[in-house]
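*Asks:* The domain 'G-protein coupled receptors family 1 profile' feature in TrEMBL is assigned to 60-316. The transmembrane segment annotation in TrEMBL covers 44-69, 81-106, 118-139, 160-184, 204-230, 263-287.
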Amino acid sequence: SDTANLYVSGMASNHSTSPQDDYLPHYLQDEDPFASKLSREADIIAGFYLTVIGVLSTCGNGYVLFMSLKRKKKLRPAEIVTVNLAVCDLGISVVGKPFSIISFFSHRWVFGWLGCRWYGWAGFFFGCGSLITMTAVSLDRYLKICHLPYGTWLKRHHAFICLAIIWAYATFWATVPFAGLGNYAPEPFGTSCTLDWWLAQSSVAGQAFILNILFFCLLLPTAVIVFSYVKIILKVKSSTKEVAHYDTRIQNSHVLEIKLTKVAMLICAGFLIAWIPYAVVSVWSAFGQPDSVPIQVSVIPTLLAKSAAMYNPVIYQVINCKFSCCRSLKKKSSLKKSRLYTISGNRETTAVNETHLEV
């Protein structure tokens with residue numbers, strides 16, 4: 001009730017008289033915004049689903065980080081940035097998922113407003129960090145594939161500078177709501193928290209805040225990713241002839257860059273497929289008909305988005321194993337060819353010697 005009074009008094013201080021002034025978000029309409037609006041059975045199913053996703057994500061991303069630490073001195077700049085995805089996904093799994101799992105099994109959000117804002121901040125922070133990391137990876141792939149001379153100067157210290165920029169960017173946008181420009185609030189179904197998209201329904205300032213979040217934390221990074229990979233796809237078709245003029249070392253390096261590009265493209269595709277439905281529902285909640293999204297429907301994109309942290313280590317390991325198998329097969333085939341060449345050479349030498357003996 002105190003939160004509702006503050007909200008109403010803040011709206012009264014606004015001199016504009018638009019119809020938005022009469023709108024109250026769902027968490028102020030209910031006496032208990034943290035009570036689950038789903039059935040207990042649905043909450044239990046969601047809790048088990050998130051538990052499985054959390055365990056798989058923690059194990060998968062933990063394994064990626066462990067293997068990366070074992071070969072940390074051999075990591076290429078692109079791999080260093082890609083490993084940051086595992087850090088973000090592990091952060092979501094360890095810091096965020098236990099809150100929502102406990103709440104789903106408890107049939108209500110049990111951590112209050114403070115826990116709600118912390119959970120919303122952590123989810124947005126690591127989610128934004130993942131997307132900006134993929135943006136940096138796509139730009140790196142674009143330089144390495146489409147501009148070979150420019151890609152050679154990128155070193156390990158450039159990768160660490162890039163990581164510092166990524167974390168600063170995510171920290172800034174995740175913390176902006178605490179400066180009074182936005183907020184974190186419970187989801188309509190009550191057992192999870194997110195960015196307060198419903199501010200756009202109540203004031204022009206709320207609309208400006210949400211539009212800035214959408215542009216800088218979704219639309220701009222996605223546009224850069226799409227642009228980079230479209231240019232890469234067009235370039236790869238003609239890159240074979242261009243790379244053929246370089247020596248073997250550069251050709252082998254180019255093959256590895258193509259492999260890393262495939263990993264990055266699949267990871268980006270998995271992330272966007274998981275998050276786009278949630279983004280669509282959030283944008284509709286912000287600028288569409290208020291509370292028109294059914295609660296049972298709104299929970300599905302949320303659960304799908306929370307599963308994104310599980311995809312990346314699976315994609316990385318599958319592509320890596322496939323690449324390793326291809327390299328081993330190539331080595332075996334080349335070894336067989338060399339053996340056949342040696343055997344045939346020995347036979348020819350034997351035949352020549354026998355001819356000399358006969359003469």
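Even glycines carry a Cβ here, placed using N, Cα and C.
Where in this structure would I find these features, and how exposed are they?
*Replies:* Using a Cβ-Cβ cut-off under 8 Å and counting only residues 6 or more beyond its ends in the same chain, the transmembrane segment (204-230) has close neighbours at 16, 18, 20, 128, 131-132, 134-135, 138-139, 141-142, 173, 176-177, 181-182, 195-198, 265, 268, 272, 279, 283, 286-287.
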*Asks:* State the non-local partners of the transmembrane segment (118-139) in its own chain: residues 6+ outside its ends, Cβ under 8 Å from one of its Cβ atoms.
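*Replies:* Sequence-distant neighbours of the transmembrane segment (118-139): 78, 81-82, 84-85, 88-89, 91-92, 95-96, 99-100, 111, 162, 165-167, 169-171, 173-175, 177-178, 184-185, 192-195, 217-218, 221-222, 224-225, 228-229, 264, 267-268, 271, 275, 305, 308.
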*Asks:* Same-chain Cβ contacts of the transmembrane segment (44-69) under 8 Å, 6 or more residues past its ends?
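*Replies:* Result: 38, 75, 79, 83, 86-87, 89-90, 92-94, 97-98, 100-101, 104-105, 191, 299, 303, 306-307, 309-310, 312-314, 316-317.
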*Asks:* Determine the mean pLDDT over the domain 'G-protein coupled receptors family 1 profile' (60-316), rounding to the nearest whole number.
*Replies:* 86
